[in-house]
Amino acid sequence: MYRLATRRVLAQTTQTFSKRTFSNQGFRAAKASKTNMYLGAGIALIPVIMSINYLNGNHIANEVDENKVEEGKKKAESTGKKEFVEKAEKEAIGKADVKTKVPAEEANPETRTETDKPSEESQKDEENSYEGAAYNPETGEINWDCPCLGGMAHGPCGEEFKEAFACFIYSESEPKGIECIKKFESMRNCFREHPEHYKEELYDDEEQEPLVDVNEKKGDASEQSAETIADDATKVVKEKAKAEDSNTK
């Protein structure tokens, strides 16, 4: 009896163990199949991943190359602009130098020859000639204090003398001084009114033909040449100067 019970227990235990073993083997097989499936999928994905990585690498490389190209372009443009600006500045400076270039003679006035400079002696001679004359053509002034006038500009008939003398000096008509005839006549009439001061001048007038009053015969007075009147005035001046020189001696 005990043997029969023992056999039943062994039989049940064997069945249970066999079931468990079979079930474990099935689980292991299923697990192995899943693992193999995952491995296959992973192996299949490797080319895809490599392709993606390759494309991404090329894209990154292309971006880097494009950045380098852009930087190179900008650098070239900036360098070209700088060179262009420098060239333009040099050309502008060169043009300015040409415009502002000073002739050698002006830059070095000392290099001029002595013949280009007016000699001091000639200047002194001109100054002395003007000092010895009553009229200075450069300034257009008359020196009424000049000794060559013999003091006639300051006598009783000084104003008449100044008018006649200035009229003749500044005359631009032909013959010279033709419009000054009346002024010279007025001067001579003044001389006659003051014989004590103008004896010599009146003596020269007496040697010549007596003058006709301008108011009485204008035609005769106008016929008298201006040169003759100028000569008379010159004689008066010279005689007056000689008289003063003799008195001072």
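Cβ from N, Cα, C; glycine included.
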Disulphide pairing with CYS190 per Swiss-Prot - partner from CYS157, CYS167, CYS180: CYS157
DSSP helix/strand/coil residue counts for the domain 'CHCH' (154-198): 29 helix, 0 strand, 16 coil
Predicted model, mean pLDDT over the domain 'CHCH' (154-198): 89
The one of CYS148, CYS157, CYS167 whose CB sees the fewest other CB atoms within 10 Å, among these disulfide-bonded residues: CYS148
CYS146 (disulfide bond) in three-state DSSP notation: coil
CYS157 (disulfide bond) versus CYS148 (disulfide bond) - Cα distance in angstrom: 17
The one of CYS180, CYS190 whose CB sees the fewest other CB atoms within 10 Å, among these disulfide-bonded residues: CYS190
